[in-house]
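According to TrEMBL, the features are:
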DOMAIN    A:39-142  domain 'HPt'
MOD_RES   A:81  phosphohistidine
């Protein structure tokens, strides 16, 4: 097996594991399908924007939960809601699911529960960031070796 | 409608959303179907575009935006006499809130994330609308 085939095999296995482990869902596949020769960096750009969004929203949630005079749970919920929307739009399934649990704690105005959820969301976001970075690196390696990126359905 | 008909259209669209990620995503989605797309980052910018004489066949309108939200912008555009197809795209899950958004003057309302099926549906609606008007 030459180097391109090896890398392509690695890519397919890694992609499949991302889906199997719930990091991404079909929405992410749809995102990948939107990329073409005219916009070869589309997925990377959208994912970068998503991570910028994540960081901003996670900071908002953290600040709101730190308020000692009384937490504005509506504000926290608004940020979680936004993050849920963004994550479902790119297929970041585990981040989205973490947001769903988070919202119920906001509704219950449970600060401790919210703080735990914030940790969970932050954790899922970091995991996903690493996973996608690995995926993009594999893609770059395949292209550099003269191969094409396999389509994984 | 044949696949060729779907892509060879002269349709223009405006994507209104405060999230740069969503703007990019929806813009690409629509471009894939052959539409010419512009973006606006909030309701006020969208309204201003129309005030300056721009027009679009389709507007994808987010609900939650700063300065002027989707419902306000939709109402404003309808008052101005805009007859474009205005489609809400929102992550709102309360039926009550979606109903309120529809009542602002939307033609349709979809939940995020937008799918290819949603777009094909809209293109068919736009095609029907064009046929009725001609």
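Cβ atoms here come from the backbone N, Cα and C positions, even for glycine.
Please treat TrEMBL annotations as automatic predictions, because they have not gone through curation.
Counting residue by residue with DSSP, the domain 'HPt' (A:39-142) contains 90 helix, 1 strand, 13 coil.
Mean pLDDT for the domain 'HPt' (A:39-142) in this predicted model: 95.
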